[in-house]
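Enquirer: From TrEMBL, here are the annotated features:
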TRANSMEM  100-123  transmembrane segment
TRANSMEM  184-206  transmembrane segment
BINDING   H202, H347, H351  Zn(2+) binding site
TRANSMEM  218-239  transmembrane segment
TRANSMEM  245-269  transmembrane segment
TRANSMEM  276-294  transmembrane segment
TRANSMEM  306-328  transmembrane segment
TRANSMEM  349-371  transmembrane segment
Amino acid sequence: MVVANLTISSVTLEKTSFAENDEGQFLLSPVTEVMKKQQQQQKKKKSSCCSKEKCKLVDYNSLPNFLKHNEFILNYYRSEWPMRDAVFSIFSIHNETINIWTHLIGFFVFLTITFGAVMMVPIGSSSVAFPDMSPAAANISKTLEFYNHEVLLHGLASSSPEANLTGVATDTGVAAQATARWPFYSYLFGAMFCLLMSSACHLLSCHSEHTSYVMLRLDYAGITTLIVTSFYPLVYYSFLCEPYFQYLYLSFITVFGVAAVLVSLVPVFETPEFRIVRAGLFACMALSGLVPIVHKMIAYGQQPEAVLTTGYEAAMGVFYGLGVIVYATRIPERWMPGKFDLAGHSHQLFHVLVIAGAYSHYLAGLVYLRWRDMEACY
Ligand SMILES: [Zn+2]
């Protein structure tokens, strides 16, 4: 520490120099040696909470400004850890451990759901998916597979799979054609991207100011992707028979999402004073989903699937709404600073509420698929 504050106080004579430390003592040492020591000390200072063997956790007041996000969390911070230590801190206890794992587990849950959907939910035309069957037999088989999956996982069908199949056969003569899957898979991708970026952001942002800047942008991009892709199944399947509104709503939310990502690139966006603005921007994006939902209910309110999907969307709205409130107000840690440093602070609650909201929307997606597989445009 003493050598770090050395100031060169005299003109160099050949390779020798006088230097003064911060206690006013004069030292005589070769310039190269002084420079070398200064460099070593600066390097050491850069990762001051890390010794050769171990990095230490620090308190809020010891943090550089770019890591000061929540003054109600007082301890257990990682500060400017080397990248390797930051990566391996996924297996140690600090105030971001639960933030990392809640969304990492959420990511694996959605990955499993996606694999399950790919295996069980029919994709594309019958000739591709079921090459050895007649089109009608393939469609029946696909529908059965879809409903088995849906009933097994969620018990969503109001009657048995067989009864549904009979209904399809008698109502339409032939089982309905599977509708496009891309909006449903876009949503699953959006959810996985959001959860993975969030987890990585919480893991790595402690490394450096630059890393923190990049990771936070990826985190905001992930949240935006989740919100935008949440619109895709809602709008695509609800307005399958009204392409004008389909394109209108899909274009609107996509443009809004790109604008939100661009706004998040402005450095001031991540400052603590902008916490409310951040929450407000994402809340406005999500709230704009009310327009197609109300439109869906006016146009198709008599359809049980429209009502059921709106129910799931309302549940999602409640989860996300609570999440935004908790995120913006930093409850409960503001009531008892330091008591929720490791477990129970607002950001952890926010993460759990995001997963609950995303899962509700996935359930709505399954109902949309059932609706549009069973009922084509007329
Ligand atoms: Zn987070």
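Placed from the backbone N, Cα and C atoms, the Cβ positions cover glycine too.
Curation does not apply to TrEMBL; its annotations are automatic.
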Enquirer: Does the transmembrane segment (100-123) come near the transmembrane segment (349-371), with 3+ Cβ pairs under 8 Å (pairs 6 or more apart)?
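Expert: Yes, these stretches are in contact.
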Enquirer: Sequence-remote contacts (6 or more beyond its ends) of the transmembrane segment (218-239), Cβ cut-off under 8 Å?
Expert: 179-180, 182-184, 186-187, 189-191, 193-198, 200-201, 245-246, 249-250, 253-254, 256-257, 260-261, 264, 269, 278, 282, 285-286, 289, 292-293, 295-296, 299-300, 306, 309, 313, 316, 358, 361, 364-365, 368-369, 371-372
Enquirer: By Cβ distance under 8 Å, which residues at least 6 away from the ends of the transmembrane segment (245-269) in the same chain are close to it?
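Expert: Here the qualifying positions are 213, 217, 220-221, 224-225, 227-228, 231-232, 235-236, 239, 277-278, 281-282, 285, 288-289, 291-292, 295.
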Enquirer: Using a Cβ-Cβ cut-off of under 8 Å, list the residues of the same chain that are 6+ residues beyond the ends of the transmembrane segment (276-294) and lie near it.
Expert: 220, 223-224, 227-228, 230-231, 234-235, 238-239, 245, 249, 252-253, 256-257, 260, 263, 269-270, 310, 313, 317, 320-321, 324, 327-328
Enquirer: Can you give me the residues near the recorded Zn(2+) site, meaning same chain, not H202, H347, H351 themselves, Cβ no more than 8 Å from the center of the site's Cβ atoms?
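Expert: Leaving out the recorded residues gives E96, I98, N99, I100, T102, H103, S198, Q348, F350.
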Enquirer: So if I draw a 10 Å sphere around the Cβ of H202 (Zn(2+) binding site), how many other Cβ atoms end up inside it?
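Expert: Taking every protein chain into account, the count is 24.
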Enquirer: Per residue, counting other C-beta atoms within 10 angstroms of the C-beta, which of the binding-site residues H347, H351 reaches the highest number?
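Expert: Of the binding-site residues H347, H351, the most buried by Cβ count within 10 Å is H351.
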Enquirer: Which of the three DSSP-derived classes (helix, strand, coil) applies to H351 (Zn(2+) binding site)?
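Expert: H351 (Zn(2+) binding site) sits in a helix per DSSP.
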